[in-house]
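J.: I'd like to ask you about the structure that follows.
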Amino acid sequence: MNKKSSNTMALAPNTSNKRETVCIFGTGDFGRALGHKMIQSGYSVVYGSRSTQISNLIPKDAEVLGHAEAAQKAAIIIIAIQRQHYNFLTPLAEVLRGKVLVDISNNLKLKQYPESNAEHLAQLLPGSKVVKAFNTVSAWALQSGTLDASRQVFVCGDDVEAKQMVMNIVRALGLTPVDKGSLLAAQEVENYPLQLFPMWKFPIFLSLGLTAFFFFYCVALDIIYTYIYENNNFSFFIAITIPNRVCPVMALILLALVYLPGIFAAIIQLYRGTKYRRFPDWLDKWMLCRKQLGLIALAFASLHVVFTLVTPMRSFASWRTGKGIISQVLNNKTEPLNHTNAWLSDSYLALGILGFFLFVLLGITSLPSVSNNVNWREFRFVQSKLGYLALILCTAHTLVYGGKWFLSPSAYKWYLPNIYILSLIVPCAVLVLKFVLIFPCIDKPLTQIRQGWERNPKYSK
């Protein structure tokens, strides 16, 4: 019966069955938003404030008292104030003794203080049970109800019972508590909201560096070289032509870099003869950001599609087509259809379309809303099997389109290879290594290692 009542309250928080009283120190934006959410979930809320006057901003069902009087009414007190104002809590040490204090504060920058705010609060009030929570949820998300992007609440503390009480509140609010351990983890929890896309830094910097390199590489070969040796000014290539060369090159290389760390991991496991040893840090970080690399590659591939679609609209394309027609008229000669070029043209377009289709499929299945609805085998089939197929198709697309430049001396301006030749180095290396790894004589021991077999069991100790 109790279990049924508890479930009913969780599903319908606005019922008349009230939960325990929770005290909130602080009537700022977050304190008011959290109090409003708690009242909706069935909690009685009392605010501890310097001013006991009722404001229109305070939830109407909440009570406002002085700090000491409010603290006596609840076993759990949420400290919704900044660290620099913690000193007013010291005279309340006896009132707060044995109480659960929930620190929700954040800092303005990383490593602003030598210890975390929660640890500092625990030092000020050693008789209280300090728990860190709610600092990863915004007041706006609580008020608007749009908690999809911030549903997880990291919780840490030294007292197990106190931590469990806070986690029960988190669940009652419709959020997901994540136990991060003791209060020593508080600094990591406080640093989390200050990080700006931590998993995207390496992929973005790598992409920007490679993009800049290939862009200036194309400028040197297609604009500067042509101007110096052929006296032609093709500076307008910077707008469409060069980006439409850089984007597919970046998409292909980044897609290959998504699968290259898996190749390295397999080689390391084969060499060590065990899966129970950590990979090097650089490989760990690389493998963790593969999703971000793949999404950036998809963005470059999408830009390539857009640039390609607008190419016929360019003035340069119209001029070149008209020049060819006029040349045939003046020479009174019609150029016959070159079936070889026609086959090559249709082939690389078809390969590009199929490769981009699989590229988009990979991007869609990497979304949490999609990946959560497929099992591990289905996800692995799409991301691995179809992923390598996409890499093969995109590499073939580039080979068919740029293959004519491999043996053409005119393509090596200043003895430098064409950009499409450079783009094939990494993907071809990945595909060759993968082809070697699927040989039965290599794949069988690798599968055994990944299933737990060890060549030398001492490494598992």
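Cβ atoms here come from the backbone N, Cα and C positions, even for glycine.
Straight from TrEMBL, here's the annotation block:
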DOMAIN    21-107  domain 'Pyrroline-5-carboxylate reductase catalytic N-terminal'
TRANSMEM  204-229  transmembrane segment
DOMAIN    249-394  domain 'Ferric oxidoreductase'
TRANSMEM  249-271  transmembrane segment
TRANSMEM  292-310  transmembrane segment
TRANSMEM  347-365  transmembrane segment
TRANSMEM  386-407  transmembrane segment
TRANSMEM  419-442  transmembrane segment
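How about a rundown of where these features are and what they're close to?
T.: Counting residues per DSSP class in helix, strand and coil order gives 31 helix, 21 strand, 35 coil for the domain 'Pyrroline-5-carboxylate reductase catalytic N-terminal' (21-107).
Residues 199-200, 202-204, 206-207, 240, 243-244, 247-248, 250-252, 254-255, 257-258, 356, 359-360, 362-363, 366, 394 of the same chain, all 6+ positions outside the transmembrane segment (292-310), place their C-beta atoms under 8 angstroms from a C-beta of that stretch.
Residues 214, 217-218, 221, 245-246, 248-249, 252-253, 255-257, 259-260, 263, 266-267, 270, 388, 391-392, 394-395, 398-399, 401-402, 405-406, 411 of the same chain lie 6+ residues outside the transmembrane segment (419-442) yet bring a C-beta within less than 8 angstroms of a C-beta in it.
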J.: Suppose you look only at the domain 'Ferric oxidoreductase' (249-394); what would the mean pLDDT be?
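T.: Averaging the confidence scores along the domain 'Ferric oxidoreductase' (249-394) gives 87.
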J.: Near the transmembrane segment (204-229), which residues from the same chain, at least 6 beyond its ends, have a CB less than 8 A from one of its CBs?
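T.: Those are 197, 235, 237-238, 241-243, 245-246, 249-250, 253-254, 257, 292-293, 296, 300, 413-414, 416, 418-419, 422, in sequence order.
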J.: Do you know the DSSP helix, strand and coil residue counts for the domain 'Ferric oxidoreductase' (249-394)?
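T.: Secondary-structure composition of the domain 'Ferric oxidoreductase' (249-394): 123 helix, 0 strand, 23 coil.
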